[in-house]
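Engineer: Feature annotation from Swiss-Prot assigns transmembrane segment to 16-36, 42-62, 67-87, 97-117, 123-143, 377-397; the stated evidence is sequence analysis. Sequence annotations record features per position, and here Swiss-Prot assigns domain 'CN hydrolase' to 181-400 based on sequence analysis. Here Swiss-Prot flags 283 as active site, drawing on sequence analysis. What Swiss-Prot lists as active site, nucleophile is 332.
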């Protein structure tokens, strides 16, 4: 956890964290799990769970369920406490080694952010499983053995370093001038409905400003236009079509689909406006307990609470073609999902709305996971955000 919190503090002062510092803090974090006494394993897991995932509860603020926040935070702690209690039952190398290597495969209800390797995302240490295994082995040898055996730990650590980290990001970027919008819109529903006209107008102004500054592409955040674009609440559709002759517009919006029986399905979508034509991709990988719910919980939740789990999932991930360059589209949570990167996309567009979870460590965790996957799969990620810093994330160790 230490690299995440250090990065959070430094970035709040617009300071980049040193890869060397991340490397050292990452090794310390892994060591704190590797060598935890078995009689303290539940307590350590409990506090790690709370510090790592307390932010999950913050979205409840917008559904009049703030009273549940402490319970959810404690539940996160208890869950990770039991995981540590079961996984760290023995203080031997083979058990601790296997636990740390396999922890990233733990995905409760599809939630796949339990990735200990991500502590090395901005470090000099490799993020693949082999490098992680060598780091664990190095720590074990350095702390458990004496005299010349420690040399073996140093050798393991040297081989865990990523020597392919030459920072050639300039040559790796597409030949397009891309504007990443960074908005600051509260998630409060009353505010969003009351100020919709001014918020949407500001987004249109941002697009016009990007045109004036001669950008080729502008990417706006997830749900920047949080109503269906063909609804009476959105008078700017024709303006977007007209502006798209001067700039390619990528923007998040709500999409409504009416079925033959009159039922409506709602999708979290990304639209592309280009030369007067419109295309879109729906979000495929929905957020557990936010945009989707396990089927056994639906009757209970629909009885007491409205507005949670109301989105439908899209069918497939897709690529936007911009000036004959392919960009794979991801919406928020998808950009930190391993399955999304399975085809090794060269360029990725990620749009996010982090208003649900700020102020918290969530944007830092998201950024580190995207950096982790960028390094693992060689992708360049263009991340446009609401209420967190926008960024170009490369496969190289740098401030990005």
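From the backbone N, Cα and C atoms, a Cβ is placed for every residue, glycine too.
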Engineer: Output, ordered by sequence, the same-chain residues six or more apart from residue 332 (active site, nucleophile) with a CB under 8 Å from its CB, or 'none'.
Structural biologist: 222, 283, 287, 350, 351, 352, 353, 354, 366
Engineer: Which stretch, 42-62, 67-87, 97-117, 123-143, tops the Cβ pairs under 8 Å count with the transmembrane segment (16-36)?
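Structural biologist: Top-ranked stretch among 42-62, 67-87, 97-117, 123-143: 123-143.
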Engineer: Around the residue listed as 'active site', how many other CB atoms lie within 10 A of its CB?
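Structural biologist: Its Cβ has 27 other Cβ atoms within 10 Å.
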Engineer: What residues in the same chain, six or more past the boundaries of the transmembrane segment (123-143), come closer than 8 Å to it by Cβ-Cβ distance?
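Structural biologist: For the transmembrane segment (123-143), the sequence-distant neighbours (Cβ-Cβ under 8 Å, at least 6 residues beyond its ends) are 3, 19-20, 22-23, 26-27, 30-31, 34-35, 93, 96-97, 100-101, 116-117, 149-150, 152-154, 156-157, 159-162, 165, 372, 375-376, 397.
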Engineer: What same-chain residues lie close to the transmembrane segment (42-62): Cβ under 8 Å, and 6 or more beyond its ends?
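Structural biologist: The answer is 1, 5, 32-33, 36, 68-70, 72-74, 76-85, 88, 113-114, 187-189, 289-290, 356-358, 360-362, 365.
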